[in-house]
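Quick one: the structure is below, questions incoming.
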Amino acid sequence: MGFQKSPDGGWGWVIVVVSFFTQFLCYGSPLAVGVLYVEWLDAFGEGKGKTAWVGSLASGVGLLASPVCSLFVSSFGARPVTIFSGFLVAGGLMLSSLAPNIYFLFFSYGIVVGLGCGLLYTATVTITCQYFDSRRGLALGLISTGSSVGLFIYAALQRMLIEFYGLDGCLLIVGALALNILACGSLMRPLQTSDCPFPEKIAPENVPDRYSIYNEKEKNQEETMTFQDKGYSNEDKCLPNGDWGRETSLPKNPTGAAHTKEPEPYKKKVVEQTNFCKQLAKRKWQVYRNYCGETASLFKNKVFSALFVAILLFDIGGFPPSLLMEDVARSYHVREEDLTIPLISIFGIMTAVGKLLLGILADFKWVNTLYLYVATLIITGLALCAIPLAKSYVTLAILSGILGFLTGNWSIFPYVTTKTVGIDKLAHAYGILMFFAGLGNSLGPPIVGWFYDWTQTYDIAFYFSGFCVLLGGFILLLAILPCWGMCNQRLPKPAAPTTFFYKVASNV
């Protein structure tokens, strides 16, 4: 059952506004968790690697659970999922204020808040796409900046709340603010279906029998059977209440014996239903095999395989600065009075700018989005390697701005995926890539923290991060170079291109 045509405006702009504030409220604290990270280090006295798991889980769980989030939104709709997820995020933040140890935060802040954010992201993107068609890119760009603006504001807000109310009070207030997501969700009016104004149950006779395993003649015979044909008689009586415990003997005459036999039509129906279940299970298994086959075919595309490696390495190396920059400044002995603007705030506002500008740049026909994405990866890797050389607030602020701007390449990642696999395989491929992006988000900060615990300095940690991102960028660059297209041209050409890779590599 399809939805009516996207209005490309009207109530859709209300959807854009509430989706913007939904992402602002849910992602503000998890993305600005670097401010809380420093406080948790002092409060619980755990290592940097272990403490970093809290923030990395909050960002990674939502991406790891993206298939489940999509299933919930498609089953229940954006409005119920948004309201439910608002309770999850608010409850997780408030529960974190009661955390007795770091392991409690793994659950309350990392898993509960992270899962709520993943559900909210899927819900806001889904309903925005339903309301917009020709202006979909603009609408998605506007709502995606909500998380970046939230990072910018929440970094300063959480620091101020900690000064006035302490860490526990800060988490309680931020959790209370997250309850405004419920109001945003209530305004997410779903589009009516194209064939009926309200959802109605379809009459059974109107449903096509796709899994029929017996012919119409047999069904008609079963439907026209009388009550007596099935082995029952009008003379049969129910036992009175007083006769329940009394033993009865079976009738010895042939007519009575017929009643004790299981009727043949009933046996036939049991066999038919058993076969039906077997056939349905076989179809489900075939769907699963087809899914695995499609996944395997995606990885036969060299560009997609390189993109998979690049996004994994990018998130392992590129995500830690958004979580750890505040502690990096403290470890480099930058004075508190010099931190006029939190480094996390600079990172956040430049991420919003990067999303908008890179998204606009990707719309130009003369720009190859694959090469643009590779350029952001390589420059990000170089900026990460430069962090150990920055020992002052000014240089750290400049690098935070550069890294934030380049992290805005998330806005062009769907373009890159589409160009790699085609629009027909976008949903499947994007889900796989987001899963591994979540894996990288979850692993990156703890790895950097472990390097610090091992060496007592962030220098080697950020050299490692920069190397990961550079490696991913160069692997993707080698996969899309035109020379691969020329190598393919020397081989015997089939009647039609069998992979999308040839098209991508030759499109310079």
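Quick reminder: no glycine exception, Cβ is built from N, Cα and C everywhere.
Taken from Swiss-Prot, the feature transmembrane segment applies to 13-33, 53-73, 80-100, 102-122, 137-157, 164-184, 303-323, 341-361, 370-390, 396-416, 431-451, 460-480, supported by sequence analysis. The feature region 'Disordered' is assigned by Swiss-Prot to 242-263.
How buried are these features, and what lies next to them?
Below 8 angstroms of C-beta separation, residues 54-55, 58-59, 82, 85-86, 89, 93, 109, 113-114, 116-117, 120-121, 123-125, 127-128, 131, 139, 142-151, 153-155, 157-158, 174, 177-178, 180-181, 184-185, 187-189, 322-323, 344-345, 348 of the same chain, each at least six residues beyond the ends of the transmembrane segment (13-33), sit close to that stretch.
Long-range contacts of the transmembrane segment (53-73) within its own chain (CB-CB distance under 8 A, at least 6 residues past either end) are made by residues 30-31, 33-34, 36-37, 40, 81, 102, 105-106, 109-111, 113-119, 121-123, 126, 319, 323, 431, 434-435, 437-446.
Within the chain carrying the transmembrane segment (80-100), a Cβ under 8 angstroms from the stretch's Cβ atoms is held by residues 22, 25-26, 29, 72-73, 108-109, 112-113, 115-117, 119-120, 122-124, 167-172, 174-176, 178-182, 184-186, 188, all 6 or more beyond its ends.
Among residues of the same chain six or more beyond the transmembrane segment (164-184), those with a C-beta under 8 A of the stretch's C-beta atoms are 18-19, 21-22, 25-26, 28-29, 36, 39-40, 43, 82-83, 85-87, 89-94, 96-98, 120, 154, 157-158.
Same-chain residues lying 6 or more positions outside the transmembrane segment (370-390) and placing a CB less than 8 Å from one of its CB atoms are 303, 310, 314, 317-318, 321, 328, 332, 358, 361-362, 396, 398-399, 402-403, 406-407, 409, 412-413, 416, 419-420, 458-459, 462-463, 465-474, 476-477, 480, 504.
The list of residues near the transmembrane segment (396-416) in space but at least 6 beyond its ends in sequence, with Cβ under 8 angstroms from a Cβ of it, reads 141, 144, 148, 307, 311, 318, 321-322, 325, 328-329, 332, 334, 341, 343-344, 346-359, 362, 369-370, 372-373, 376-377, 379-380, 383-384, 386-387, 390, 426, 430, 433.
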For the transmembrane segment (137-157), what are the same-chain contacts with Cβ under 8 Å, counting residues 6+ beyond its ends?
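The answer is 12, 16, 19-29, 31-32, 34-35, 124-125, 128-129, 131, 174, 322, 341-342, 344-345, 347-349, 351-352, 355-356, 359, 363, 408, 410-411.
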Residues sitting near the transmembrane segment (341-361): Cβ under 8 Å, six or more positions beyond its termini, same chain?
31-32, 34-35, 137, 141, 144-145, 148-153, 155-156, 159, 321-322, 325-326, 328-329, 367, 372, 376, 396-397, 400-412
With Cβ distances under 8 Å as the criterion, find the stretch in 102-122, 303-323, 460-480 that has the most pairs with the transmembrane segment (431-451).
303-323
Counting only residues 6+ away from its ends, which parts of the chain sit with a Cβ under 8 Å from the transmembrane segment (102-122)?
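Distal contacts: 22-23, 26-27, 29-30, 33, 40, 44, 46, 50-51, 53-63, 65-66, 69-70, 72-73, 81-82, 84-89, 91-93, 95-96, 181.
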